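Asker: Heads up, here are the entries from TrEMBL:
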- 18-27: compositional bias 'Basic and acidic residues' (COMPBIAS)
- 30-43: compositional bias 'Low complexity' (COMPBIAS)
- 589-599: compositional bias 'Low complexity' (COMPBIAS)
- 667-684: compositional bias 'Basic and acidic residues' (COMPBIAS)
- 67-249: domain 'YVC1 N-terminal linker helical' (DOMAIN)
- 282-572: domain 'Calcium channel YVC1-like C-terminal transmembrane' (DOMAIN)
- 1-45: region 'Disordered' (REGION)
- 577-605: region 'Disordered' (REGION)
- 660-688: region 'Disordered' (REGION)
- 735-766: region 'Disordered' (REGION)
- 275-292: transmembrane segment (TRANSMEM)
- 304-323: transmembrane segment (TRANSMEM)
- 335-353: transmembrane segment (TRANSMEM)
- 405-425: transmembrane segment (TRANSMEM)
- 431-449: transmembrane segment (TRANSMEM)
- 461-486: transmembrane segment (TRANSMEM)
- 518-536: transmembrane segment (TRANSMEM)
Amino acid sequence: MVMGDQSGRRHQPALRIQEPDLGERRPLLPRRTTTTGTQNGNQHHSLDGQVYTCYDYHSQLPVYTNIHRIRRDIISVVEDYLSLDQLRDIRINISVVRPLVDKFYEQDDISIVYCLLVNRAQFLNEQSHLNNRQNVNYTRAMLCELIATRILRRCSEDNEGPEGLLVLAHILIAGFEPFQNAPPEIRQEVHAPTAWHKTLPALEVAILSEAKIFLSSTSCQKIVDAIYEGRVIYSPSSFLDLIPDRYKQKPISLYDPRDAPLLNQYRLVVPRTRNILEIIQFVILLALYLVFMSERDAGRITKLEICFTVYAFGWVLDQFATILEHGWDVYTENLWSFLDVTFASIYWIYLIMRVYGWQSHNEELGQQALDVLAMGAPVLVPRLAFNLLSDNILFLSLRSMMADFSLLTVLAGWCFFGFLLSLVWLGNHQFSWVTISKWMIYIWFGLDGSGIHHSTDFHKYLGPALMVMFAFLGNTLFLTILVSMLSNTFSTIVSNAFAEIQFRHAVLTLEGVKGDAIFAYQPPFNILAVFILIPLKWFVTPRWFHKIHVASVRLLNLPLLLVIALVERRILPPITSTAGGEPPAGGPSVNSSNSSSSSYPRRTKGKGARFWNKWRITVHSDIETVFEVPPPDSVLEQIAGDDDLTKHLIRRQFVRKDTVETATKTPAKDTNTDKKKPPSRRDSIAPFPGLRTELQGVLSESDEMSAITARLEALEKSTRRIEFMLAKLTGGLDDNKDDTAIECTESPIDEDDDREEGAVSQATTM
């Protein structure tokens, strides 16, 4: 709430998070309150108390009501199909997007972004059942994504510093479920359970609905990067845990390695650390595979084969646990998931055949098992390139192009199966199915014309006709369609390369946050963890199970945990400089000086730091240095002075003060009842003073509007002449005052118009 004081200056809002009482329902982010530390129009925010991520704390939010409120508003507003560019148009922004953003943002509910993304997923689901892809449901889904992006950006602008980063983390990774706070009869009707592991964060819903605009936004990527680097930690909800250890739940909090224990087993499941460990594990798997296959022996089982089989079993078990962690839909969004699934299938076939052949002493079956395992080379070798070059546009497009190629190949095989049947029946089983299929494949790819040469053996006239028709359809039509589809897919991905890269980065980050205890054990030790800890859980209490698990992880990963602790203390910045502001020692509130300097970045040692940048051995170092050091208060006072520059329209959007001119035109109001809204946002130009008439002029600059304006002016002049003639006929005017009468009939109208325009502009400014 924004209040006015006696001097006419309005305090900026501050956002506070307080723990709600159990007896009442209120949002996690209550209404804005005033603070007394505002200076020069800069706003600061504070967090009172700790913020937790448990489901009971967020259970007070009306998620079910918000979902249906948003759906009603979106359906009532959008009735026709609009493209993304049309939704971003300035007129749609002023009339549709901006009012909805203001309405939902004023609720101060962190579940609003989750509810918007849930509605987007539902609109896309309804669109998939319709034949017309350009329907109104697509527009509604895109509008939900745009509103969610704008709301998240506002939260990022209104909440700075480490506390602001924590607020954004709550919005994106706090878990909710769609039937939260629904009426009891609704929950009973749909049999909706209330369980913590059934909740989903907004980030996961965005990935499931492929909200790439939302995920590629700066505010969202700020949290994704913080989670990926381990600066924001939390305990995620999982679909199913192989080794469940939920004795201690990590709240959504900021991590400082200098205050953490030296052996912290939770750092093994940080996405960045997890990604590096997965690359190392895969390199070991690939090395064992290459060495074993180069010296394979079907007659006996060597030690090298045992090492590969056991390690590969642990690696496949880790992939299976990943699928259970977040579900199949999120797992398949990973760039190299189809390669992992393919190799896992090949490995299981090899293992079953190899074990059965070893027990039955069947050497031929063992050789077939090794032959099946040899088919994994085309999968394992390129998979390493997918890991190392995951941001390359070629690998990003290759996954989608492979999907299109597989789909068209299946459709082509289905269609050409009719040609195969016709040729088999025409030949009266003279040639086998395999031989005819080989000839057709050669014709399809233009490799050999043996099928056309033997076409007369099927039938004198119908055989050549079928072969020539198949050559036209297969080699010309279908290959042309295939090339066109792949070119279109590649061009689409290239045009949205940044959004695609950020989307894959978000998927990798979400998958990297693990809640299952099995991920703390590296292959092949995860096999021992499954066969030992799972039965042990039935005989010990949760507290002792947690102690045994922690001791085992620290013992098995002792060197690795020491390296992680030393590296993170070196590269991770302290919490006070994470988001650009330092809270004072007396409490979490940020004073005005710190708030004003929060927009000035501080130098951090990134992964791209070099020797000459560190020691400033460059002529361009002052360009960055001038923004690193916050200016003193004397300079800030000069900047905030009421000079000609601060009277600019864009400046007046953010700093609005009651000037002398406004005070003379506007009657005085009671300060107790004058509750104005916060300053206008920068995502709309509608509230800019003086731009209303300019915007109307821009929107009306067309040939039709100019012609209509000219006709109205001519009609107005004719009406004035008629009024003058009627007044002259009735004797109301003298002959010698004709010119004066004409001027008198025109001037009052012009003065009235000017007076009305002045009143409209004054009301707009208010």
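Cβ coordinates come from backbone N, Cα and C, glycine included.
Locate each feature and note its surroundings.
Answerer: Sequence-distant contacts of the transmembrane segment (335-353) (same chain, at least 6 residues past either end, Cβ-Cβ under 8 Å): 309, 312-313, 316, 319-320, 365-366, 368-370, 372-373, 375-376, 379-380, 382-383, 386-387, 390, 395-396, 399, 402, 504, 507.
Sequence-remote contacts of a segment are chain residues at least 6 beyond its ends whose Cβ falls under 8 Å from one of its Cβ atoms, and for the transmembrane segment (431-449) they are 412, 416, 419-420, 423-424, 457, 467, 470-471, 474-475, 478-479.
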Asker: So if I exclude everything within five residues of the ends of the transmembrane segment (304-323), which remaining residues of that chain have a CB under 8 angstroms from its CBs? That is, six or more out.
Answerer: 242, 281-282, 284-285, 288-289, 291-292, 295-296, 331, 340-341, 344, 347-348, 351, 354, 511, 516, 518-519, 523-527, 530
Asker: Could you please provide the mean pLDDT value for the domain 'YVC1 N-terminal linker helical' (67-249)?
Answerer: 87
Asker: With a Cβ cut-off under 8 Å, give me the same-chain residues at least six positions beyond the ends of the transmembrane segment (518-536) that come close to it.
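Answerer: Sequence-distant neighbours of the transmembrane segment (518-536): 241-243, 265, 268-269, 274, 277, 281, 310-311, 313-315, 317-318, 321, 545, 548-549, 552-553, 556-557, 560.
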